[in-house]
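According to Swiss-Prot:
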TRANSMEM  15-35  transmembrane segment
TRANSMEM  53-73  transmembrane segment
TRANSMEM  92-112  transmembrane segment
TRANSMEM  137-157  transmembrane segment
TRANSMEM  196-216  transmembrane segment
TRANSMEM  230-250  transmembrane segment
TRANSMEM  263-283  transmembrane segment
TRANSMEM  317-337  transmembrane segment
TRANSMEM  347-367  transmembrane segment
TRANSMEM  401-421  transmembrane segment
TRANSMEM  451-471  transmembrane segment
TRANSMEM  477-497  transmembrane segment
Amino acid sequence: MDMDNQNTKIYTDKFLAVTSLLFVFISVAGLAIYSQESIKIAATWMQWTTSVFTTPVLLFAFLAIIFTFGLAFSKYGKIKLGEGKPQYSTMSWIFMFILSGIGSSTLYWGFLDWAYYYQTPGLSLPPESAEALKYSVAYSFFHSGLSAWAIYALASISLCYSYHVRKNKGLSLASVIEAVTGFKSTGVVGRLVDLMFLLCMFGALTISLVLTAVTFTNILSQLTGIPNTFMTKVIIILAVSVLFALSSYVGMDKGMQRLSHMVCLGVVLFAIYVLCFGPTQFILNNSLMSFGLMATNFVDMSLFTDPMGDGKFTREWTVFYWLWWISYAPGVALFVTRVSKGRTIKEVIFAMVIGGSVGLWFIFGVFENYSVYSFIHGAVNVPQILSQQGGEVAIGQLLSLLPAGKLMMWIFLGIMVVFLAAHMDAVGYAVSATCTRGLSEGQDPSPNARLFWCVMLTLVPIAMIFSKAPLDTMKTATIVTALPFIVIILIQTYGLVKWLIQDYAKVPSHLIEQQGYDDQEIGLNQTQDEHAKRMQLELASSIKLDRKTS
């Protein structure tokens, strides 16, 4: 770390923290006091926003894939993000940012996502038909695959480049916006951006935390007879917060790494168990067919606006999912930036888009197809239970059918708790980093700040549980907070393109690659000016050499 970084004053932006909490407390009070009115307003707002912004959201997600893969395969993909060797092993690195990007509700959607699409299918298919069932898992693969992770990559690369290559101080969105537009991160625009980010994190975490708490307490009640009440759910949420606190105090290097390894290993082993002791042949066959259906219909799924119909599926699922991923994108970008020093742009893009997609396809392929098989053979009527009793009841019944069912239910609960703690750790880090001014490369917000924000992040989900808000209301919390970030990510991307052209447009591909090797060996720690001068000298040497040989 250079002297300039060491002398930077680190402090908490109290105005930003207090303002964001004020908004949160008002929202919580509204949900608690005016529950039914809030639910009705949320339903109206969701209908309007998803109808108006369908086309822009679909185009944004589709173009994100084109841009990120184009960047990865270009010469700019060889640019190294920071000097020296990577701080984390490749496996730990991938585990950590995958967990920052997917919530513990993945275990909920992993068993039930297909059932929603079976009841209300896309591509104008008849509801609850053989065709709807055929495409149900394919659509789940689509919503958890390339487009989603490309959105994360698009938001992450610009922040990584600003922080590690351009050496812009401050690990927050406002710092990037300041570097691109000139608006001060501590000014009105900068604070508005960070305020929207903080509120976005509260909205994004709501669905994950609520679905996890509801599923956990239902299965726990089946196993132990403990009443499945509001207080039980609150106790579970607070218990997870304590686990998160332990992770925060241990630190990023030990706490988050350990949690991420525990979760990923636990989920993979659990999926392998279901694959081996469940309907193995059906799971493999339907997973392969679903992947093929997704691949052959990818463009149709990406751009399906349903102008001849009511567009309900696109609004309620594809647009919702893309906005949910967008709502998490800024937080994921902050976390990915923190753990990606020493990686190349291509490595970050491929690890996120390919690694993240394949990981979720495996999990969803196993869990969903086990659920589909149970439905087809009459063991568990998942769609009916989902509609009448709730998805958490269906998951409990599905788990109980496995060999050593009760043991598997306990293991599932353990994985779910650690999964949520790891996810909250990542989100808490992003939020506390945003409220901490002056962070330079390699510096982290204090454990106390991360713990404080973790507790605050539980307020909105607890209010949702108290008001018995339906899934659509929780979706609205995500959608409303996510929309502005399409514009912010586009501004980040504009800045990234501008910086790449300024810094590397005239630098040959082999010199960019060579610089990465040199930095890894020497461990250079250059400022922007030193970096630019070095590039100019190498370019001049290359031109002279070409002239001599010609």
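Backbone N, Cα and C define each Cβ position, glycine as well.
When Cβ-Cβ distances under 8 Å to the transmembrane segment (92-112) are tallied for each of 263-283, 347-367, 401-421, 451-471, the top count falls to 347-367. In this chain, the transmembrane segment (317-337) lies in contact with the transmembrane segment (196-216); the count of Cβ pairs under 8 Å, excluding pairs fewer than 6 apart in sequence, is at least 3. At the 8 Å Cβ threshold, with sequence separation of at least 6, the transmembrane segment (477-497) lacks contact with the transmembrane segment (263-283), having fewer than 3 such pairs. Through the fold, the transmembrane segment (137-157) approaches residues 60-62, 64-65, 67-69, 71, 101, 109, 113-114, 117, 121-122, 286-287, 289-291, 293-294, 297-298, 301-302, 317-318, 321-322, 325-326, 328-330, 332-333, 336-337, 340, 345, 348-349, 352-353, 356-357, 360-361, 364-365, 368-369, 372, 485, 489, 492-493, 496 of its own chain, all at least 6 residues removed from its boundaries and within a Cβ separation under 8 Å. By the count of Cβ pairs under 8 Å, the stretch nearest in packing to the transmembrane segment (263-283) among 317-337, 347-367, 401-421 is 401-421. Sequence-remote contacts of a segment are chain residues at least 6 beyond its ends whose Cβ falls under 8 Å from one of its Cβ atoms, and for the transmembrane segment (401-421) they are 99, 103-104, 106-107, 208-209, 212, 215-216, 219-220, 222-223, 236, 239-240, 243-244, 247, 259, 262-263, 266-267, 270, 273-274, 277-278, 374, 379-380. Sequence-remote contacts of a segment are chain residues at least 6 beyond its ends whose Cβ falls under 8 Å from one of its Cβ atoms, and for the transmembrane segment (347-367) they are 65, 68-69, 71-72, 77, 81, 90, 93-94, 97-98, 101-102, 106-107, 109-111, 113, 137, 140-141, 144-146, 148-150, 152-153, 156-157, 160, 267-268, 271-272, 274-275, 278, 283, 286-287, 290-291, 336, 340.
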